[in-house]
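Listed in TrEMBL:
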DOMAIN    8-183  domain 'Galactose-1-phosphate uridyl transferase N-terminal'
BINDING   33-36, 66, 82-83, 160, 166-168, 175, 322-323, 327-328, 334  UDP-alpha-D-glucose binding site
REGION    38-72  region 'Disordered'
ACT_SITE  173  active site, tele-UMP-histidine intermediate
DOMAIN    191-357  domain 'Galactose-1-phosphate uridyl transferase C-terminal'
REGION    338-364  region 'Disordered'
């Protein structure tokens, strides 16, 4: 590391910039700010009691949703069309603008939005489900990618967990949006991965996984097939990336049975670490990125590597969250602790879920 005025650079003490090769954006790391007193907004740290079944929850088996449809008495996963979709398959196209309207461009956007319930019970989350139940979730994800991806170029699977992330229904579920266009983040990631592949004849994220596995300092949990790391360029405090460790995998549909089982295990382990960090059901937004589908199924996407992003907002405790405002909105992303510090904290929390441990203690 370089010296400045006789002071040796320390990433835990001195601000610096880190490059995100997927988005080609820089992140400002200011770890010294973690020592400042906090007088800002705090959230409620008490956990809401969620009943196993609620007759007023539209996601529970047998309940009636807003459109009048009644859910079946499902016992595993359950998928239905979103009652309030952001994308519709038959929306009319806007009129084409002329070259003179280059500052006011508008294009058609069509697609479908679905909701997928993970489990019939409202009082469980993925880390508290059995491994075989999580495998069924992964199987259904792959099935939806195959089905919707046969038509649409992009299928976005994402989960908003917790009220802090805008989740309106306390029931384990995710959303699946399929679109006839590639979203902005995907376009950036596609461009960066393609450029790296053309230069090096190697997938960017496969190379990255290999280097992270060798260095270990940002690894949270790992297995024979998967790696969960706090990315070197992470912008959210405890952001993680989940990616295949060794094999080139384009999409969820390409996973073997063993890889799906291993993925279920590492997801449970990672999410247990999250919950145990502040002993709270950890809020986050997560989603899968894989090679585009639809017309891209025929090829030209070998630069892609399947991976998942987890973006949790909590920073100091269960009641103090990170806000992406001010400088982050107007200039660039900034974080207050180094990714290495975040990974170490997650690694060091217990592997057994705190709820299970508390139950054991109560039973003694």
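One-based numbering along the chain as shown.
Cβ atoms here come from the backbone N, Cα and C positions, even for glycine.
Sequence features annotated in TrEMBL and their locations in the structure.
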residue: 33; record: UDP-alpha-D-glucose binding site; Cβ within 10 Å: 12
residue: 83; record: UDP-alpha-D-glucose binding site; Cβ within 10 Å: 13
residue: 167; record: UDP-alpha-D-glucose binding site; Cβ within 10 Å: 15
residue: 173; record: active site, tele-UMP-histidine intermediate; Cβ within 10 Å: 20
residue: 322; record: UDP-alpha-D-glucose binding site; Cβ within 10 Å: 20
residue: 328; record: UDP-alpha-D-glucose binding site; Cβ within 10 Å: 16
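Secondary structure at residue 167 (UDP-alpha-D-glucose binding site), taken from DSSP and collapsed to helix, strand or coil, is coil. A separation of roughly 30 Å, to the nearest angstrom, links the Cα atoms of residue 328 (UDP-alpha-D-glucose binding site) and residue 173 (active site, tele-UMP-histidine intermediate). Across the fold, the C-alpha of residue 167 (UDP-alpha-D-glucose binding site) and the C-alpha of residue 173 (active site, tele-UMP-histidine intermediate) stand 10 Å from each other. For the recorded site, the residue listed as 'active site, tele-UMP-histidine intermediate', the DSSP three-state label reads strand.
In the three-state DSSP scheme, residue 83 (UDP-alpha-D-glucose binding site) is classed as coil.
Across the region 'Disordered' (338-364), DSSP classifies residues as 20 helix, 0 strand, 7 coil. Rounded to the nearest whole angstrom, the C-alpha distance between residue 33 (UDP-alpha-D-glucose binding site) and residue 173 (active site, tele-UMP-histidine intermediate) is 36.
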